[in-house]
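Noted in TrEMBL for the protein shown:
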TRANSMEM  7-32  transmembrane segment
DOMAIN    7-401  domain 'Major facilitator superfamily (MFS) profile'
TRANSMEM  44-65  transmembrane segment
TRANSMEM  72-91  transmembrane segment
TRANSMEM  97-120  transmembrane segment
TRANSMEM  132-153  transmembrane segment
TRANSMEM  159-180  transmembrane segment
TRANSMEM  201-219  transmembrane segment
TRANSMEM  252-275  transmembrane segment
TRANSMEM  287-305  transmembrane segment
TRANSMEM  345-364  transmembrane segment
TRANSMEM  376-396  transmembrane segment
Amino acid sequence: MTHETRIVTLTSSAHFFTHMNMLIFPAIVWPFSKDMGIPLGDTFAIGFFMYLFYGALALPAGYIADRWSKIGILKICLGGIGLSSIASGFSGGVASFTIALAFLGLFCGLYHPAGLGLIADEIAGQGRAHGTNGVFGALGIASAPFVAGLTLLVFDWRAVYFVVGGGALAGLGLFYLIRVEERYRRSYKQIKNGDSSVNGAWKQFAVLCVAMTLAGFIYRANMTAIPAYFEIRMESILESLTRFAPGSLEHALSGIAALLVSTIFLFSLLGQIAGGRLADRIDLRRAFLIYQLAGLPMVLGMAVFHGVWLYVAAAGFAFFTLGIQPIENSLVSKFMPKGLTSTGYGIKFTLTFGLGSLAVYQVAIMEKSYGLEWLYIALACETVILIMATLSLIYVSRETKLVANFTRDG
């Protein structure tokens with residue numbers, strides 16, 4: 001196994017378990033609210049601190065990863081994820097569950113600055129590597145409602161956390177089976193003295209951060225709402241499928257909705273592969289804009305469609321909004337000094353996951369006041385603003401003729 005293959009194997013496995021554990025909560029919102037006897041809108045807000053801490057430590061984690069060890073941060077990440085998920089399953093009430101979720105978000109937040117920084121520093125063709133890594137992240141996203149759905153067909157929401165927490169601890173064991181030495185080392189002193197490649201375009205990076213924050217907000221709102229949205233807008237289809245469900249019907253409807261959501265995110269696998277290839281072939285700014293423009297009609301479709309057509313629109317939205325990640329992650333590495341890549345990813349995920357956590361309140365307010373279909377109209381408007389931010393990025397970086405994972409010579 002080559003050095004680059006080892007890097008991709010470890011980062012991809014950690015990416016899988018990070019997203020799977022992080023996205024269990026939206027899949028169990030409905031049965032949890034029934035079990036605890038609290039309104040659905042109030043249940044969404046319980047995840048706020050989990051999403052907040054998902055981004056809160058990304059920046060310090062990235063800084064430490066640059067100066068200490070990216071592999072070390074990833075080990076801490078997986079161990080903490082496993083223990084926090086298991087603690088969530090043992091929660092005795094809303095307060096203890098909220099605290100356990102907050103710790104889960106904190107440890108999940110360690111992954112992206114360390115994992116993506118490791119890829120950017122150690123692998124030459126990073127577009128395709130980010131694409132492969134993104135595929136496993138998308139598998140984790142798809143696996144969360146899938147595992148939750150299967151478990152809820154027989155057991156309750158607590159068992160779901162035991163299963164995924166154990167999986168994360170198994171992922172930690174992989175880091176002791178596959179040994180990797182971090183070859184790329186750069187002292188902070190060298191970077192401070194100005195040894196930085198094309199990168200270090202701070203104004204462009206600031207505009208990119210605005211775009212990424214908007215994208216993170218849209219992502220979090222959709223991921224929080226979609227299992228419950230399917231349960232509401234695809235009710236007749238779900239009820240027809242419950243006849244095949246074993247066990248009690250109490251959680252069967254939620255379980256089948258979660259299973260349908262998991263199949264939606266399988267389409268994002270294709271988006272990640274296509275996005276990774278596109279990131280290595282054309283200017284990254286152009287690729288970034290193409291994916292956003294293509295996602296706009298999909299989110300509008302989610303606002304107006306029911307049944308099968310809602311499923312189609314949601315699949316398309318997942319393809320473009322998640323498939324854009326290899327492009328976006330490559331852009332971050334182009335606008336940061338080479339030795340501060342993990343710090344750059346830390347800034348990104350502090351903004352996208354930290355500020356993006358506020359999206360749970362948008363979901364809660366829209367659900368209570370207007371209904372979740374109006375949430376997707378709001379997300380379409382936010383997508384238009386995102387496109388405008390990307391056009392601004394293209395404008396402020398216009399003097400840089402090519403921002404890409406390749407040179408004009410090949």
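For all residues, glycine too, the Cβ spot is worked out from N, Cα and C.
TrEMBL: automatically predicted annotations, no manual curation.
Residues 288, 292, 299, 321-322, 324, 328, 331-332, 335-336, 344, 347-348, 351-353, 355-356, 358-359, 362, 379, 382-383, 385-386, 389-390, 392-393, 396-397, 400 of the same chain lie 6 or more positions beyond the ends of the transmembrane segment (201-219) yet place their CB under 8 Å from a CB of it. Contact between the transmembrane segment (159-180) and the transmembrane segment (44-65) is not supported, since fewer than 3 Cβ pairs fall under 8 Å when only residues 6 or more apart in sequence are counted. Note: the stretches the transmembrane segment (132-153) and the transmembrane segment (252-275) are in contact (3+ CB pairs below 8 A, sequence gap of 6 or more). Outside the transmembrane segment (287-305) by six or more residues, the chain places 211, 215, 218, 222, 229, 233, 275, 278-279, 312-314, 316-317, 319-321, 323-324, 327-328, 331, 373-374, 376-377, 379-380, 383-384, 386-387, 390-391, 393-394 with a CB less than 8 A from a CB of the stretch. At the 8 Å Cβ cutoff, the transmembrane segment (252-275) and the transmembrane segment (7-32) share at least 3 close pairs (sequence separation 6 or more) and count as touching. Long-range contacts of the transmembrane segment (7-32) within the same chain: residues 1, 40, 43-44, 46-47, 50, 54, 71, 74, 77-78, 81, 84-85, 97, 101, 104-105, 108, 111-112, 115-116, 118-119, 122-123, 129, 132-141, 143-145, 147-149, 152, 156-157, 160-161, 164-165, 167-168, 171, 174-175, 178, 180, 223-228, 231, 250-251, 253-254, 257-258, 261, each at least 6 residues beyond the stretch ends and with a Cβ under 8 Å from a Cβ of the stretch. Along the domain 'Major facilitator superfamily (MFS) profile' (7-401), the predicted structure has mean pLDDT 86.
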